[in-house]
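A.B. asks: This is the structure, below, for whatever I ask next.
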Amino acid sequence: MKYELDTTDGRARRGRLIFERGVVETPAFMPVGTYGTVKGMTPEEVKETGAQILLGNTFHLWLRPGQEIMKLHGDLHDFMQWHGPILTDSGGFQVFSLGAMRKIKEEGVHFRNPINGDKVFLSPEKSMEIQYDLGSDIVMIFDECTPYPADWDYAKSSMEMSLRWAQRSRQRFDELNNKNALFGIIQGGVYEDLRDVSVKGLVDIGFDGYAVGGLAVGEPKEDMHRILEHVCPQIPEDKPRYLMGVGKPEDLVEGVRRGIDMFDCVMPTRNARNGHLFVTDGVVKIRNAKHKDDTSPLDKDCDCYTCRNYSRAYLHHLDRCNEILGARLNTIHNLRHYQRLMAGLREAIEQGKLELFVADFYGRIGKPVPPLNA
């Protein structure tokens, strides 16, 4: 993987990630394909929304169907028939989400398989081996996602273990002679001094890109913005920056303003299945009765298949009838909305007009523009 930085506007960056499998224009949003599929969508449909890279979930794919099944096909790209780049998370976040079902030790994490109850062990080395078999274009190190709230002492010990695991991830990745990219993950909770130690430690180890982890886990938005403003300038300028698990459209805008290049989140797909649809001026809850006789498109500014062909009344009808097509059409729209937002941000950065774009964006959804600290 190669990262090219074209231009900047304030802290925002316009560039691209270059892989053997294709080019990803940045800032970029990655749809989430947890089980090797973006729910309800074919790879061709996902591509038509404008997505150039997907996220796959190491933890879930390892437990089901397993590495060996995917290796029968080649790798994850061949298994799911997505021929563009794929980033896979390390499995750390899912393991730590298991709560009482897992035990964290220096060597790794022991836990019960949530599918069948079997005892399972996942370590930095094992995560690197799984992601190697998946053929991931971007491999994520195995880390502990520090929960929120966490006091300083816990956040410190968690961050320090993540740094040790980062070194072990790097070593096993290199032993496998993996020619793809490996990203480090910056931890430290909401504590700037701990984030400083994490960034320095990861940069000293050396990675192809750097993710900001442990945000969007319940902390106030002000804390997320503060940590991004503190951390991003410390990441080498020639490396991509990835904000994990984020987020709402305004979170993408705020991340870009602070120097983030890559995002992923289940929100556009999950919300689509629940009838919450993102439009230029906010959110449409298509389940509401007021849409039952509305012949207008979901979003007059949107060029997606759904908005070109169907009315709000039809989408309301499908949702109320719990029709599968409704979830599919909603997902097509939400993913296209996110990709249109990213394209708008990229164009605004190119033209040096990002803050005008931001003001217009917030004006349309009726919210004030969050301040940028110097």
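Glycine is treated like the rest: Cβ placed from N, Cα and C.
Feature annotation from Swiss-Prot assigns substrate binding site to Asp89, Ser90, Gly91, Gly92, Phe93, Asp143, Gln187, Gly214. Under the heading active site, proton acceptor, Swiss-Prot lists Asp89, citing sequence analysis as support. Here Swiss-Prot flags 245-251, 269-273 as region 'RNA binding'. As annotated by Swiss-Prot, active site, nucleophile applies to Asp264. Residues or ranges marked as Zn(2+) binding site by Swiss-Prot on the basis of sequence analysis: Cys302, Cys304, Cys307, His333.
Set these features in their place in the structure for me.
C.D. replies: DSSP classifies Gly92 (substrate binding site) as helix under the three-state reduction.
All protein chains shown were included, and the count of other CB atoms within 10 Å of the CB of Asp89 (substrate binding site) stands at 32.
According to DSSP, the secondary structure content of the region 'RNA binding' (245-251) in residues is 3 helix, 1 strand, 3 coil.
Asp264 (active site, nucleophile) falls within a strand segment according to DSSP. The Cβ of Asp264 (active site, nucleophile) has Phe29, Met30, Pro31, Val32, Leu55, Leu87, Tyr242, Met244, Gly245, Val246 as same-chain neighbours under 8 Å, each 6 or more residues away in sequence.
Sequence-distant neighbours of the region 'RNA binding' (269-273) (same chain, 6+ residues past either end, Cβ-Cβ under 8 Å): 31-32, 38-40, 327, 330-331, 333-335.
For Cys302 (Zn(2+) binding site), applying a Cβ distance below 8 Å and a minimum sequence separation of six or more within one chain yields Val279, Thr280, His333, Arg336, His337, Arg340.
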A.B. asks: When the pLDDT values for the region 'RNA binding' (245-251) are averaged, what is the result?
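C.D. replies: Overall, the region 'RNA binding' (245-251) comes to a mean pLDDT of 97.
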A.B. asks: Treating G and I as helix alongside H, and B as strand alongside E, what does DSSP give for the region 'RNA binding' (269-273) in helix, strand and coil?
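C.D. replies: Secondary-structure breakdown of the region 'RNA binding' (269-273): 5 helix, 0 strand, 0 coil.
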A.B. asks: If you skip the near sequence neighbours and keep only those at least six away, which residues in the chain come within under 8 angstroms of Gly91 (substrate binding site), Cβ to Cβ?
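C.D. replies: Listed in sequence order, they are Asn57, Thr58, Phe59, Trp62, Leu122, Ser127, Ile130, Phe142.
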A.B. asks: Whole-number Å distance between the CA of Asp89 (substrate binding site) and the CA of Cys307 (Zn(2+) binding site)?
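C.D. replies: So the Cα of Cys307 (Zn(2+) binding site) lies 32 Å away from that of Asp89 (substrate binding site).
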